[in-house]
Amino acid sequence: MKINEEPFYKEIGKEVAIFDASYEQKLPVLLKGPTGTGKSRFVEYMAWKLGKELITVACHEETSSTDLIGRFILKGTEAVWQDGPLTQAVKKGAIIYLDEVAEARPDIVVAIHSLTDYRRTLFLDKLGEEIKAENGFMLVASFNPGYQKGFKELKPSTRQRFVAMSFEYPRQEIEIEIIKQETGIDQNTAKALVKIAEKIRNLGELGLTETVSTRLLVDAAKMIKTEVGKRLAVEVAIVQPLTDDEEILNTLKNLTQLMI
Ligand code: ADP
């Protein structure tokens with residue numbers, strides 16, 4: 001996909017310069033961080049900035065190297081080879097974004113190996129072919145290091161093949177600006193939402209698997225702009241998505257209702 005319009009992306013650190021440098025040096029990039037911290041938006045922005053085609057694969061438990069590389073499909077009585085998204089990106093010199101790479105089956109690590117070092121080649125084992133990546137090809141992957149159980153880890157030997165950047169929740173002023181830009185909500189409401197997020201993020205003792213992301217705040221602001229009402233919007237867009245535990249739900253409801 002070629003991105004024609006500039007996506008709104010608010011830089012949080014030095015990520016734009018780091019990505020530019022990695023692209024120039026032909027190094028693969030790993031974006032680490034919890035969900036909803038702007039990783040996908042950042043990749044879209046960079047693809048736009050560099051004028052490159054972006055091919056995104058949302059990895060899940062069933063994603064295998066075949067899904068990335070390609071497979072033979074039956075056309076009538078004939079078996080025809082069809083390039084997978086990774087092969088397409090390698091041939092076109094596009095950016096491939098493997099979102100949540102750690103979720104995929106382990107065999108994809110083997111598939112991307114030779115692309116992440118000086119060889120920049122992809123082996124199409126089913127065809128017995130080896131293809132060299134076009135000049136502008138870039139491999140970008142994201143993963144959620146989640147320190148709680150249930151999250152998959154990425155092997156050190158794989159991680160060390162990437163330039164890696166951490167995505168965290170942005171500073172207050174920046175997060176307020178993101179919410180305002182994304183939704184057109186007023187300063188005071190945006191600020192109140194960020195305060196709620198900060199409060200919940202600091203409640204480590206609740207043991208939430210994932211805490212309030214910028215995405216949840218953007219969604220809450222969108223709901224507030226409707227007829228739903230601020231308090232209900234916060235409940236359904238921030239509190240309810242976080243947990244199913246009745247006790248924690250009540251704690252969070254009581255806490256947030258006082259802040260909006
Ligand atoms: P991730 O890929 O980390 O799960 P996304 O890139 O999908 O997260 O971000 C979720 C939403 O949060 C975006 O759609 C956007 O509204 C907002 N967002 C988060 N961080 C930023 C940022 N730095 N600039 C612009 N929007 C952001």
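Cβ atoms are placed via backbone N, Cα and C, with glycine included.
In TrEMBL this protein carries:
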DOMAIN    28-162  domain 'ATPase dynein-related AAA'
DOMAIN    175-257  domain 'CbbQ/NirQ/NorQ C-terminal'
Mean of pLDDT values spanning the domain 'CbbQ/NirQ/NorQ C-terminal' (175-257): 94
DSSP-assigned states of the domain 'ATPase dynein-related AAA' (28-162) in counts, ordered helix, strand, coil: 38 helix, 41 strand, 56 coil
Per-state residue totals over the domain 'CbbQ/NirQ/NorQ C-terminal' (175-257) - DSSP helix, strand, coil: 63 helix, 0 strand, 20 coil
